[in-house]
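Here's the structure, in structure tokens; my notes come after.
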């Protein structure tokens, strides 16, 4: 009998300390079971965003117009909402507009990946018929981040000085693009923007690039006229920009300037960029801003997109010591996107039965999951999404459900609740690292009367961690050591 007891003890000790058991328990040790959603506060913000008028507060232009050089570079990050009055009569129409833009964004990213994996260069495609002739008559880098409502296809923007002396303009921030560009006079076709169109003739640092330069050769689509480089960037949603490829000085608000940054001076621009002057490409390609300034790191914190508060975009800042870290991966076929080494998902502290292969990228560059500042709603492979949604629905069986809205198939009527307790959704990474999301990052209002939806969606192609799930978290990219860090409440 004593021998049987001893044998039982040995078996119990073995299984309780086996690698599977250890990894499983460790992967969930930081994952909370439930979290509380403040329904009243979320609904209150939906009313505020519709009534907010940027003209009634000191203008961000006035606040950030100081471009005096210093030892650091600073950019503020703002949401769409804080820069432009929402042109919608109600919050549901604003939501539908956002989701429509988001779908266009995802199509654009998916098209880029698909072309790269098929070995098709954009220069092999029929160029956009823009009518542009190319001839016209006439150390720590940091900056504020804003969320946006009517400033183009992007949701977050920074104020940047272009040229010398610097002319301040709002630029869309985009981790899914490499080429920086700004609208330039004279215009063959320019959309309306908040600031005056940039005048190259007024800048002493404006310099066209020749066709033989490395920057010109790095473009996906380019043309040579009179030995000067012309560029074209087109997006999957039909937006495009065409013009001269040049070098210019970029100044970060309240901080130093960087000379000889290659960017597009767009004379023919069309699409969803209404109100923003252009785009800052923060991707991993050679023409992106981080690559051109040889940044060792990049980090941002995205404020709630219904908020008028601001945060920062920073370069060369170390990851906070308590950051939840994950591998930063690159696609061998496409260097623009930042892929993250996700290993699993949990709901209510329970790891979901999703194989790690659902999140993995193969040797050919297929699969994987990118983290993107421009996509709003996280997309997951259909099987992974179904598993996540079903577990969340099971954990919210006591909440009244209602009809789906647009791409959201799981929605609730919370009009009679001030707050609700819901299962915590968590991302899991190698070495037992866990990032638990606040409820407002996955159960979001779609109108002002209490309809909330589960802010994930299925996809049959590219998986993406979107900005709704990133809100309120500083996301840092350690480019030297290939690590992504997540630091909640570090805005």
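From the backbone N, Cα and C atoms, a Cβ is placed for every residue, glycine too.
For reference, TrEMBL has these:
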type	residues	note
ACT_SITE	174	active site
ACT_SITE	372	active site
DOMAIN	156-487	domain 'Peptidase A1'
SIGNAL	1-25	signal peptide
Per DSSP (helix/strand/coil reduction), residue 174 (active site) sits in strand
Mean pLDDT, the domain 'Peptidase A1' (156-487)? 93
Look up residue 372 (active site) in the DSSP assignment and report helix, strand or coil. coil
